[in-house]
Amino acid sequence: MDFKIGAIDTCKPINGDIANVPTNKAVTIQNSTIPFNSPDSTLGRHLARRLVQIGVTDVFSVPGDFNLTLLDHLIAEPELNLIGCCNELNAGYAADGYARARGIGACVVTFTVGGLSIVNAIAGAYSENLPLICIVGGPNSNDYGTNRILHHTIGLPDFSQELRCFQTVTCYQAVLNNLDDAHELIDTAISTSLKESKPVYISVGCNLPGIPHPTFSREPVPFSLSPRLSNMMGLEAAVEAAAEFLNKAVKPVLVGGQNMRVAKACDAFVELADSCGYAVAVMPAAKGLVPEHHPHFLGTYWGAVSTTFCAEIVGSADAYLFAGPIFNDYSSVGYSLLLKKEKAIIVQPDRVTIGNGPAFGCVLMRDFLSALAKRLKHNPTSYENYHRIYVPDGLPFKCEPKEALRVNVLFQHIQNMLTGESAVIAETGDSWFNCQKLKLPQGCGYEFQMQYGSIGWSVGATLGYAQAAPEKRVIACIGDGSFQVTAQDISTMLRCGQRTIIFLINNGGYTIEVEIHDGPYNVIKNWNYTGLVDAIHNGEGKCWTTKVYCEEELVEAIETANGAKKDCLCFIEVIVHKDDTSKELLEWGSRVSAANSRPPNPQ
């Protein structure tokens, strides 16, 4: 089938895939008539149309004098909605969240003061393999190569500081300071972002967006993205070796990792699971990429803090296939996973390694998993073992009337809220562990930022995700410490008419840091969070806030949020004890603390 960038639905993620480029066809941007030498044949219009063609309908921005003319051209594009954010960091986080739901995101800031403010969010998107177009309004093209000192710089006649910062957190950088090659640089940047599933940086000279140039047309000329292909001989060899390895195992298992998303291999992983009958688990950062209603789904494999009985089944397996894993200190619980390399097949987006060897390069994950599904014997032993030992999770103790609310009771009620029209955003902190235990209904979205783990990410990401997927009711679980970092863009959610439900978990500090290493620096000034949101609301837009101290108040708040206030942004501040944490955080924190505090190796 032909895949057309320009049809927005083709860019929406399916089963967690980002930028769903098909496996066997080139990607073509379609156009109708192509009038050249029109007064509208400008850089600004070309960039705006390209964004629309790849599925971006919302751009997150902060205005500054170097990008104002460019913003005029983006606003002039009728299919593009410019969303002004309160600061650049949140604009970047919003583009991150948007890319998770839509397949690609975009943001626009001004030179250096804006660029260096947004770079942290771009780094997070890079770590999570998200296609994102970061556009910066740059200096006047006449100032390049001069000895002039410009404002918004560090006072040196060198304009490359911002560029150098972006070089390590983007896969391509384009500085547009003349019109002759601007067309080529824009198209190369956008196509590279889609192909590599990483952010790119485009700097646009502030005097260039409105000038017609012969290289531009009113509607951009089509271009194609060549699909990546597997080495067929390598693919066959890898599949044959993997099939032999797994077919002789007694109780093999499958474990999905977060790189399945960038490999666009989620469907192929499910196809393999359906075919082989193995028990299926996911690593924590892959939650939401595999349907949890799958008949052989165990839960999350996260070492000592795994879903109940999941670690036992994975750890006791005599063979395991990991698809797209990242084994960092967080996902390995302080490097404490009890896995043996000789038992593992590790499948990365373009490489397969079997045990201690051999390894096969230029083999795409989706091709490998689909081909392997046809070669494996059906073997449900590992799932049968799980079913044999499984004991259902108990329920938390019922609260006494007006008893102080406990976190486990809160998440029991959040579980009951979830439907296929929901999406969960989990902030860095104890929400990682509590949300990980939620059982996602079919179609329910789930996102968190595990690799980069930047506190405050969820506010902007919630804004972006909700904007990209308005059919979803987003439920965001945010700690008070994280909220204080990025709270301002509740304002933008209200301006956009979003109907997110935010649970602000107020426990008086940085709880995740407390469990790694405690100190007075983990205690924060308490805010009147509902009062803050009411002040931001200021009578403009639909907003409802409440503060809950006990289960009865929580039940009432949820009924209101899903009933009378279902079309409002609902902000529910939940007051809990400062030491009320999940048992998983306690275990994980102690192990990560031990990993962090290892003494230097002997010299």
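Including glycine, each Cβ sits where the backbone N, Cα and C put it.
Caution: TrEMBL annotation is automatic and unverified by curators.
Feature list (source: TrEMBL):
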BINDING   D480, N507, G509  Mg(2+) binding site
DOMAIN    42-147  domain 'Thiamine pyrophosphate enzyme N-terminal TPP-binding'
DOMAIN    239-357  domain 'Thiamine pyrophosphate enzyme central'
DOMAIN    449-573  domain 'Thiamine pyrophosphate enzyme TPP-binding'
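Across the range of the domain 'Thiamine pyrophosphate enzyme N-terminal TPP-binding' (42-147), the DSSP-based residue counts are 51 helix, 22 strand, 33 coil. Per-residue confidence over the domain 'Thiamine pyrophosphate enzyme TPP-binding' (449-573) averages out at a pLDDT of 95.
Most buried of the binding-site residues D480, N507, G509, judged by other Cβ atoms within 10 Å, is D480. Apart from the site residues D480, N507, G509, the chain places the Cβ of G479, G481, I505, N506, G508, Y510, T511, I524, K578 no farther than 8 Å from the centroid of the site's Cβ atoms, the recorded Mg(2+) location. Counting residues of the domain 'Thiamine pyrophosphate enzyme central' (239-357) by DSSP class, helix then strand then coil, yields 41 helix, 25 strand, 53 coil.
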